[in-house]
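Under the heading transmembrane segment, TrEMBL lists A:121-142, A:163-193, A:213-232, A:239-263, A:307-329.
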Amino acid sequence: MRLLRAEVRRFAKRRLIRWTVGVFVLLLGLVLAGASYQSRPVTAAALATAQARAGTQLAEARAAHAERVAPCVDAVRQGRPPPPEFTADCDAAAAPSPDWYPVAEFLPYQLSFRDEVDGYLLLYGALLALVALLVGASFIGAEWSSGALANLLVWRPQRGRVLLTKLVVAVGAILALGTATAALWLGGVYAVARFDGTVQGTTAGLLQSAGLGAVRAVGLAALVGAFAFALASIGRHTAAAFGAVIGLALVSEVGMAFAGSVLRLRYPGAFQLSTYGQAWVTRSVTLDPVVCAMGATCRADARDITWLHALGVFGAGTVLALLVAFVVLRRRAIT
Amino acid sequence: MTAVVEIDGLLKTYRRRGRRHRALAGFTMTVEQGQVHGFLGPNGSGKTTTLRALLGLIQADGGAMRMFGRLVPGALPDVVGRVGAVVENPRFFPGFTGRDTLRLLADAGGVPPGRVDAKLELVGLADRARDRVRTYSLGMRQRLAVASALLKDPELVILDEPANGLDPAGIREMRQLMRDLADGGTTVLFSSHLLAEVQQVCDAVTIIAGGRRVAAGPVEDVLASHTEDAVRVRLAAGELAPAAQVLVRAGATVRQEGGHLLVGNVQRPAWVTYVLAEHGLFLEELVPAKVDLESVFLALTGAGPDGPPARAAGGPADRRAGEPEPGSGDRDGDAADRARAEVDA
Ligand SMILES: Nc1ncnc2c1ncn2[C@@H]1O[C@H](COP(=O)(O)OP(=O)(O)O)[C@@H](O)[C@H]1O
Ligand SMILES: [Mg+2]
């Protein structure tokens, strides 16, 4: 308990962590402020103006079209064949129609909660994962590289316990930060939509799904934080975690794409972490066999990668990294 | 007397660039309660390795260690509350202030936070306590480390080269601090490669060289058992060389030192007077050669900043010290010279 309290205080005192969290919250606020600034609710007056402008443009386009096809129309009316640059029906197909000028395009931008909440969650999830990477790695990494951890281990010669406490604090902090900011974020997006845009079509089901999306984003951040923590502890340096993550991304995206084509894998996407990241956010990704893309006969054997698969992959990777980190620490000579 | 620290037959071999390097070859040490115990040895002799093993930072390859009678590292979590320790150059998180550093340690160890300021005061760091450790000099970090070791009000304080980086006044304060601690009943075990700082403050010493104990016991006993039967003889300048010849022929060992002869293997000083007088040589001064811990140390460890190893009288002097670390030997030698000069001054 005492160790836990000390680690919580240590965590809160770290300047890099404070800055990271500060910048993160600031960034979220800026995005919301920008959305609020850009979005305009559609008033009756705005709708009328937009309808009028759409009508005007349609009329102008029709007039221009009529003028252009006039020689053809005249010729046909007089029983002559249409000039060669026109079709038999005098380019009737090219006549402007109202759906070329949808009223929506003449309206100012309006944030629609229903249509855009997923995109906002994706942005939030990516930022939070980045914060988790930085926080998880630097909390333990800087302790190793500065030698402060060796000091603490002289003070408390229980390696597993010390590392576990730090892990709990780092992951707990990410969860706390995520829970607080995710709620604020969804509330903020909703508020912007409510006052500067539209919440039309926001059903209970949609809200629930958005909430679950936020939970998944926070959960992923916790996994990323724990993974980065493990890597930084194994490598005894914050940078070790960043290096390993970048290396992993390269192998997964570039390396597997290449290996997939060499080995003629049916579903190379199934070996790429980005697929699982996408599945995690969007709940499911459908992979078509490679042969489909090449135009061969395609049977209906597409494969689905769901967020549960993603949980399996990310969870297993994190657990493995943590196991290695603890085993390595147990045997490590601290010099 | 009860032993607070008992180390028996400690073995440690490092693997370095694929080669094996034996750092401890059956090292043995006993620290009695209430002592200031000096753990002496040249650079690379295995002091830090011993302390690391004792505190569970590295795993020994063999041997047994006890603290307060309990086997460590197994019982370390149980006894660590009674031990305050600093190993090697103290390294702290550079972004925290000295005060925060200690407060976090106090938190983790269940020490009342009020003690932090008292210990900072004790080591003379009070007015820099609110600055970041990044801005501290080596000496100040050393003081912070000592403060952290004292935070628990431990029964046993272990300090690895606590005088490193301290100025002469700081070294004197450190000596006084260790003396005060021992007078208050705390056992102090500290390592050093500087002898002058040790002789005045230690109750007992263990001397290590090449990973083995080469001498141990109360300072007077170690001195006594290694006292050379030597005298310092002064003669007129022109008579030094013939006198040396005479004495060597008579079976003594002779070394010329400035205007003196250092004559060894002498049972009674009167014998020197007699032999020289027989050859018409009359001495102007004869004093017993003073033996200090430093010469014993140099003789025993066969390593020193002052040149080739001196011959020991009766000690196991044929043993070479562990190879000095490349590049560090000169620097450490200089540091040793300087510190000794400072202390002597
Ligand atoms: N981590 C290590 N890896 C390899 N060799 C080491 C390591 N630490 C110390 N040594 C070697 O072990 C010997 C003893 O070192 P050390 O205990 O630090 O000496 P001291 O503290 O007495 O100066 C030296 O030769 C040193 O080079
Ligand atoms: Mg050392």
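Every residue gets a Cβ built from N, Cα and C, even glycine.
All annotation found in TrEMBL is predicted automatically rather than curated by experts.
For the transmembrane segment (A:121-142), the list of distant contacts is 11, 14, 16-17, 20-21, 24, 27-28, 31, 148-149, 163, 166-167, 169-171, 173-174, 177-178, 181-182, 185-186, 210, 213-214, 216-218, 220-222, 224-229, 231-233, 235-242, 245, 281: same-chain residues at least six beyond its ends, Cβ to Cβ under 8 Å.
Sequence-remote contacts of a segment are chain residues at least 6 beyond its ends whose Cβ falls under 8 Å from one of its Cβ atoms, and for the transmembrane segment (A:307-329) they are 159-160, 163-164, 167, 216, 219-220, 223, 226-227, 229-231, 233-234, 273, 276-277, 279-281, 283-284.
The list of residues near the transmembrane segment (A:213-232) in space but at least 6 beyond its ends in sequence, with Cβ under 8 angstroms from a Cβ of it, reads 117-118, 121, 124-125, 128-129, 131-141, 144, 166-167, 170-171, 174-175, 178-179, 182-183, 185-186, 238, 240-241, 244-245, 277, 280-281, 307, 311, 314-315, 317-318, 321-322, 324-325.
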